[in-house]
Amino acid sequence: MPSQNKTSEIAKKIDEFLDYLSVEKGSSPLTIRNYKHYLTRLIKWLNAKKINAKLENINQEVVHDYRIYLSKLGLGRKTQGYHAIALRSFLKWLIRNDYQVLAPDKIDLPKIPERQVKFLSGEQIDRLLNAPTLSSIQGIRDKAILEVLFSTGLRVSELTNLNIEKIDFERREFGITGKGGRARVVFLSSRSADYLKKYLNERKDHFKPLFIRHKGSVDPTTPDEKMRLTPRSVERLVKKYVHKMKLPIEATPHSIRHSYATDLLIAGADIRSVQEMLGHKNISTTQIYTHVTNKQLHEIHEQFHGRGK
């Protein structure tokens, strides 16, 4: 049966591509959501321009016009780059499935300024970790969250997906499946484990999530997932404590992850171990932290050795 229009064929293949990312590649829900957003924008643009294109007719001229459209939307270069990456990935998948389409390498990626890693100094981390007051279960929970984030370097989505049953308090460790479906073992410091126990001891519920919301009355029949703290909630609480302590940085849960990695490298951990602990697929992702630690070491060298002593 022929397709109703040419863009519906593309839409169908995009749906199949997203299924591939989810089922076969094990991409994270966030990655799939973003790719869907980027590629749906392409479909809407094709419809708006009345481009009745087959897959194989997505050529360089069409892509060029589409990228001009993206730039006129006022999107940042990084966001425009994400659209190009999504389209290239889609084309690669089509080629692997024997479709005759534009070669992905004909789509150039925009030059993006080198990523700046935002992290907290040791003194700033200490202030942040001590920010919550422990007079309420919410404060104890927040303290446990901050301690666990810095102790483990977890991504915020990994943290909020944790269930109580996964934590081995005797060994102070737990296993997770992170970005791209990669499994790794994560270790807790004794201090973070202690505050986690304190938080769980304060709870009188039977919900499975490790971190739950505590505002308002709680119905014990509420489904577990309705009680689970969301990544956005954790981002808000980190921001709240950063402002409370008047820290000179717009820190996020990911800033704490950066601080964890930087702290390990400055303390002498080898980069391969840090890569494993962060759950990075490629060592190049981890190497961004060496720029930070090298800069710090240079400053230390200047301070103590720069005068030719």
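Here the Cβ of each residue, glycine as well, is placed from N, Cα and C on the backbone.
Note: TrEMBL annotation is automatic and uncurated.
Positions annotated as domain 'Core-binding (CB)' by TrEMBL: 8-95. Looking just at the domain 'Core-binding (CB)' (8-95), the mean pLDDT is 87.
The domain 'Tyr recombinase' annotation in TrEMBL covers 115-302.
The domain 'Core-binding (CB)' (8-95): residue composition by secondary structure is 71 helix, 0 strand, 17 coil, according to DSSP.
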